[in-house]
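Participant: Just dropping this structure here.
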Amino acid sequence: MFLLPLPAAGRVVVRRLAVRRFGSRSLSTADMTKGLVLGIYSKEKEDDVPQFTSAGENFDKLLAGKLRETLNISGPPLKAGKTRTFYGLHQDFPSVVLVGLGKKAAGIDEQENWHEGKENIRAAVAAGCRQIQDLELSSVEVDPCGDAQAAAEGAVLGLYEYDDLKQKKKMAVSAKLYGSGDQEAWQKGVLFASGQNLARQLMETPANEMTPTRFAEIIEKNLKSASSKTEVHIRPKSWIEEQAMGSFLSVAKGSDEPPVFLEIHYKGSPNANEPPLVFVGKGITFDSGGISIKASANMDLMRADMGGAATICSAIVSAAKLNLPINIIGLAPLCENMPSGKANKPGDVVRAKNGKTIQVDNTDAEGRLILADALCYAHTFNPKVILNAATLTGAMDVALGSGATGVFTNSSWLWNKLFEASIETGDRVWRMPLFEHYTRQVVDCQLADVNNIGKYRSAGACTAAAFLKEFVTHPKWAHLDIAGVMTNKDEVPYLRKGMTGRPTRTLIEFLLRFSQDNA
């Protein structure tokens, strides 16, 4: 990922939450093995009584009103996303966590560009499940809260934390739907969230563990276990050379770790000759910046510079699990960007697969170099759509932060499909410009056909997209710059601090809707 020189599903663990706890503590610790998360809505009017969800009402009736009675004396009404824990109310559930869902009527917010009700459910359920885990209970049953898919996503995303390499593990918590509600929607939510968690795990794993070869092997294992309608090709350096991918090879040559070109196929369409959608993901498994080396502070985060490859591959694995009736191909050029005597030097000129020459004025703008060859190769499949994802520019983080993925596309149809999918998932996208204004800044090049950085410091995300456009002739292409959404501090309440796996769920939703539209 090129950073502008500006003036900086596994086991689970949670932090202690500031919650109120009420009820009898007479049950022994040995009895406390299962928890329950129930939702309650905010008051619509000042004089209203906060309303339980349907599951909450039924549970309160089972207790002859004791849940409501205990809630009324426990403090002020619960705000959205807040939790309150009660003990000893029911023998099957020694701990019951009430979670605030906000207003029941919450729907699509046209300013926020998401479904507020679904986001409230995800955040509330995540907080409730973390509280159950914090109590060291091994299982939790979850109120569907009116949307079982959103509830499942909140539970599975909220409970995930990467601790694979720690000796001391926190207790894993299994979550399931409370009652006999919409199991199909719940399982769909589990699938969507598990797809994102796969991307999170790939992105979080240290670079000495997550090499290009290891990444490819993990995706191969996951894809083959997801469906029999799949093919995986782990292409070695010799194949990359045969394909004349000189731009990709120029980045890889600085590292002793061999490059891999991962090519995955999901053949879900009943028509084997149906043109596929092609997803392309940047797969830099560690980005030091090369000779244009990065500052050491936070360089460790560049283990996730393969986030584009992680998200597109995880989305395809999820599509295979959903058995979608479409054909999809995933392409991921995988390598490290390291400094050495063999590495690219500023001012070098390399040749891409389509014959265009590239002046490499900044070796830290390497993602676009490997994507250039992959995008050229993507055209050989006669695709319906080409979509690439990449943690491409620090400028994208400056522009949008973690609020949304930046989308550059030559197709309003494709933009609308991605935008609609993002409203559903809450993992938002925002359209960015592909003006000729930016193209001129990369094709005005002294030594080659195109420069890998723009003439000016401004609009770095836009000039990076303009560079990629030089290797695209397809009329339905989108470039997703995910640099700003790569990590989470506390912005997304149902994701812990760390790598996010965004926007995997939006890509899955896009594929699902595309398959339905083309049925």
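Keep in mind that glycine also has a Cβ here, set from the backbone N, Cα and C atoms.
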Participant: Swiss-Prot tags one of SER194, SER458, SER515 as phosphoserine; which one?
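Facilitator: SER194, according to Swiss-Prot.
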Participant: Figure out which of ASP287, ASP300, ASP444 sits with ASP364, GLU366 in the Zn(2+) 1 site per Swiss-Prot.
Facilitator: ASP287
Participant: Pick the one from ASP256, ASP305, ASP397 that Swiss-Prot also lists for the Zn(2+) 2 site with LYS282, ASP287, GLU366.
Facilitator: ASP305
Participant: Hey, which of SER228, SER238, SER340 does Swiss-Prot call phosphoserine?
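Facilitator: SER238, according to Swiss-Prot.
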Participant: Which one of LYS34, LYS104, LYS221, LYS384 shows up in Swiss-Prot with the note N6-acetyllysine?
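Facilitator: So the answer, going by Swiss-Prot, is LYS221.
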Participant: Among ARG84, ARG122, ARG303, which residue does Swiss-Prot annotate as binding Zn(2+) 3 at the site that also has LEU202, MET203, THR205?
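Facilitator: Record check against Swiss-Prot: Zn(2+) 3 site with LEU202, MET203, THR205, extra candidate from ARG84, ARG122, ARG303 is ARG303.
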Participant: List only the single closest residue to SER42 (phosphoserine), chosen from the recorded positions SER54, ASP287, ARG303, ASP364 by CA-CA distance.
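Facilitator: With Cα distances computed to SER42 (phosphoserine), the winner among SER54, ASP287, ARG303, ASP364 is SER54.
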Participant: If you count, for each of the binding-site residues ASP287, ASP305, ASP364, the other Cβ atoms lying within 10 Å of its Cβ, which residue has the minimum?
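Facilitator: Each of the binding-site residues ASP287, ASP305, ASP364 was scored by Cβ atoms within 10 Å; lowest is ASP364.
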Participant: Please identify which of SER42, SER54, SER194, THR205, SER238 has the densest Cβ environment, defined as other Cβ atoms within 10 Å, among these recorded positions.
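Facilitator: Top count of Cβ atoms within 10 Å goes to THR205.
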Participant: For the recorded positions listed here, LYS45, LYS61, LYS282, LYS476, which shows the highest count of neighbouring CB atoms within 10 A?
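Facilitator: In terms of Cβ crowding, the pick is LYS282.
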Participant: In sequence order, what residues of the same chain, 6+ apart, have a Cβ less than 8 Å from the Cβ of LYS489 (N6-acetyllysine)?
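Facilitator: Looking at Cβ-Cβ distances below 8 Å from LYS489 (N6-acetyllysine), excluding near sequence neighbours, one finds SER402, LYS497.
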Participant: Within a 10 Å radius of its Cβ, which of these recorded positions (SER180, GLU366) has the fewest neighbouring Cβ atoms?
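Facilitator: With the recorded positions SER180, GLU366, fewest surrounding Cβ atoms within 10 Å: SER180.
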